[in-house]
Amino acid sequence: MSSKMSQTHIVVLCSIANFINAADRVIMPIAIIPMTSYFKWTMHWQGWILSSFAFGYLSSQVFGACAAKKFGGKLILLLSVFLWSISTVATPWVSHNTFALILCRIISGFGEGLGLPTIFHIFANNISVTDRSSAFGYLVAAGSVGQTVATVICPHLMWQTSFYLFGSIGIVWSLIWISLYSEKDWGNNDELPLVIIPQYSSIHWRKFFIYWPLWAIYIAHFTMNWSNYIIMHWLPTYLRYLGANSHSISLTAVPYIFNSVFGIVAGNYADKLIDRRWSVLSVRRLMTTIGLVGPAIFLILFCTVNSLAAAIIFISISMGLCACNSAGHLSNHAEVAPNHAGITFSVSNTLATIPGILSGPLTAELVTASHGRWFPVFILAAALNFTGSIIYCSQSSTSQIL
């Protein structure tokens, strides 16, 4: 393969990395059901085990973006995938000790936290603006496919096997990545690149927190992730509450299938709207509104039904519409801060990881305080989505500010 990879090859390799990333994340929410039966964890301990991943994930966001700029995307993405894969393989070995398991989950989160900021750095330097919506659409869709595959396969495997299988896939990807991908060197290229490689300059950290268009992105991301963490961490447990057995837990794959399809469709449709001379800002606001308000409505419907089939339908539509955010605020970083897209995303993703820390213990507390009822959990998530949509539509911009 040529040392200078095409945009397509870059998107494919990064999307596969996100596939593995997302698959590894959903193993624990599924495995925790048989693991709880075996280790006799309380619901509060389940909450902390599920949320411990987010502590590591939050701590590596800004580090990942800065490291990618300094050392290059190849090395940092390799480190990211290898680190989370090794910790995934190690999980069954340490599960007998709850504190060692939590530490392993933190390390896994740290590795995965390096991934997306690094991919954003790679995309900002290699993907043309007219292809970014679809590139991010494929990236997000690949993550949803990874979640789908894991949720279909894992309920039918011994819980230990799930960790060994997907951790090993990540190690194999690491070997492929190190042999195929090389950093671009535009200085030796006689042709003008599709993407102008930004000339990085020193910038004060305060700049990342003083502009409302950036806060609009941060808040939209935060509210989107609140719902996503609730669903990712607790959907298998909630379906058990509705009467699902160990085999029908595989139905948790359906929402991720919807998310995959909607993500690809939304990304390509957004690019077509831009080609038809819609303003980029209008497209970003439209997609973010669909991606936040739509899921909020269906989350409310989701918590009002007792039928397993109806619950799957509503949560699947909710997750599908959520994928529109990939062509909304998630694509907005490269426009407002093209020279610092990796860092702005890392700041955004750091703030948006706070729901991952809070959603585990808070969900356990709300359900316990409500005597086993789940509606407060989903009403809160819907309210945050509505709020995030209003703020994004009123404060967002596509003008470069950094």
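Glycine too: its Cβ is placed from the backbone N, Cα and C atoms.
The domain 'Major facilitator superfamily (MFS) profile' feature in TrEMBL is assigned to 10-400.
Feature annotation from TrEMBL assigns transmembrane segment to 46-68 (among others).
Marked as transmembrane segment by TrEMBL: 75-94 (among others). For the transmembrane segment (75-94), the residues of the chain that approach it from at least six positions outside its boundaries are 14, 17, 20-21, 24, 27-28, 64, 67-68, 100-101, 103-105, 107-115, 118-119, 122, 159-160, 163-164, 166-171, 173-174, 177-178, judged by C-beta separation under 8 angstroms.
Beyond its flanks by at least six residues, the transmembrane segment (100-123) meets 10-11, 14, 17-18, 21, 24-25, 28, 48-49, 52-65, 67-69, 73, 76-77, 79-85, 87-88, 90-91, 94, 132, 135-136, 139, 333-334, 341-343, 345-346, 349, 353 of its own chain at Cβ-Cβ distances under 8 Å. The transmembrane segment annotation in TrEMBL covers 100-123 (among others).
Here the transmembrane segment (135-158) has long-range neighbours at 7, 11, 14-16, 18-27, 30-31, 119, 123, 127, 165-166, 232, 246-247, 249-250, 252-253, 256-257, 259-261, 263-268, 270, 319, 323, 326-327, 330-331, meaning same-chain residues at least 6 beyond its ends whose C-beta is under 8 angstroms from one of its own. The transmembrane segment annotation in TrEMBL covers 135-158 (among others).
For 164-182 (among others), the entry in TrEMBL reads transmembrane segment. Long-range neighbours of the transmembrane segment (164-182) within the same chain, counting only residues 6 or more positions beyond its ends whose Cβ lies under 8 Å from a Cβ of the stretch, are 1, 3-5, 9-10, 13, 16-17, 20, 23-24, 27, 74, 77-78, 81-82, 84-92, 150, 153, 157.
Annotation comment: TrEMBL describes 208-229 (among others) as transmembrane segment. If you look at the transmembrane segment (208-229), the same-chain residues 6 or more away from its ends with a CB under 8 A from one of its CBs are 54, 288, 291-292, 295-296, 299, 318, 322, 325, 328-330, 332-333, 336-337, 340, 343-344, 347-349, 351-356, 359, 380-382, 384-385, 387-389, 391-392, 394-397, 399, 401-402.
Under the heading transmembrane segment, TrEMBL lists 249-270 (among others).
Positions annotated as transmembrane segment by TrEMBL: 290-317 (among others). Residues 220, 223-224, 227, 231, 235, 238-239, 242-244, 248, 251, 254-255, 257-258, 266, 323-326, 328-329, 374-375, 377-379, 381-383, 385-386, 388-389, 392 of the same chain lie 6 or more positions beyond the ends of the transmembrane segment (290-317) yet place their CB under 8 Å from a CB of it.
Residues or ranges marked as transmembrane segment in TrEMBL: 374-393 (among others).
Here the domain 'Major facilitator superfamily (MFS) profile' (10-400) returns a mean pLDDT of 88 for the predicted model.
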